[in-house]
Amino acid sequence: MTEATTTGGQRLPDELGALADGVSLTLHIVRHAETEYNVAHVMQGWSNSPITDRGHEQIAAAGAALAGVPFDAAFSSDLERTRLTAEGILAAHPSPPALALREDLREWNFGGNEEQPSAIVWGRLFAQHGLEVDRELSAMRVLAERMSWSDIFDGIADLDETGQSEKAAETVVRADLALAHVIQTVTADAQAGDERTVLVVSHGGFITTLLRQMTPEMTPTTILPNCSISTVRLQGTSWSLEGVGERPEAFAA
């Protein structure tokens, strides 16, 4: 295994790519379907809430869009909303691979901020910077211009009086380990020059973390839509971002 050479155990993108040993990879990374907490704007990291009727429609659309993709492997966060999304997508596939559930693909752990109104939690951080909460998330965009993504999420973690929230560095290392597991698992029986295609179902914040591990230049300014598809390809040790947050109908077009 390639050893990490950056601080905190994080591999550089080409080091992650080297784990594939010359196998070409395509990762289709899907955010889970809409949940009741999404609709209610409630902090939802490791906590769960039921998938909405609209969410089930999103799963059906994602399944139809991805039915023609020749998946060699499938991985999902083990939380209910991601598991059900992954199972629904694979149920529509003519030859679905077995689904591997992974704790390391979970969303950011918001600790004591879990299941709290997002406006209150984020509002406290915005207030520290003289900003107001709004539905359009313009305050988030302004904050992103002033702070790095890691500083933003560390700011949220610092608001957790229980001290249970993950810090950015911890989540980055978890993303690195999750990607390393996926890469090494799907290439274990492959030879250099082979190609493998993988489904990964995870969460909005954590997908952004995963994408940044492979393509650090990736800095989305909006939240990834529910059941949207982000696609990354590996050739040699070089990653390319082919699509970010594509809705199923756009992906299938």
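Placed from the backbone N, Cα and C atoms, the Cβ positions cover glycine too.
Given the structure is predicted, the values throughout are model-derived calculations rather than measurements.
As annotated by TrEMBL, substrate binding site applies to R31, H32, A33, E34, T35, E36, Y37, N38, R81.
Annotated features, which come from TrEMBL, shown on the structure.
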| residue | record | contacts (Cβ under 8 Å, 6+ apart) |
| --- | --- | --- |
| R31 | substrate binding site | V201, S202, H203, G204, I207, L224, P225, N226, C227, S228, G245 |
| A33 | substrate binding site | I51, T52, G55, H56, Q58, I59, A62, R81, L84, T85, G88, N226, C227 |
| T35 | substrate binding site | Q44, N48, S49, P50, I51, T52, G55, R81 |
| Y37 | substrate binding site | M43, Q44, S47, S49, E115 |
Cβ packing number for R81 (substrate binding site), 10 Å threshold: 28
Maximum Cα-Cα separation (Å), residues R31, H32, A33, E34, T35, E36, Y37, N38, R81 listed as binding substrate: 15
Output field, substrate shell: CB within 8 Å of site CB centroid, site R31, H32, A33, E34, T35, E36, Y37, N38, R81 dropped: Q44, S49, I51, T52, G55, N226
Local backbone state of Y37 (substrate binding site), from DSSP in three classes: helix
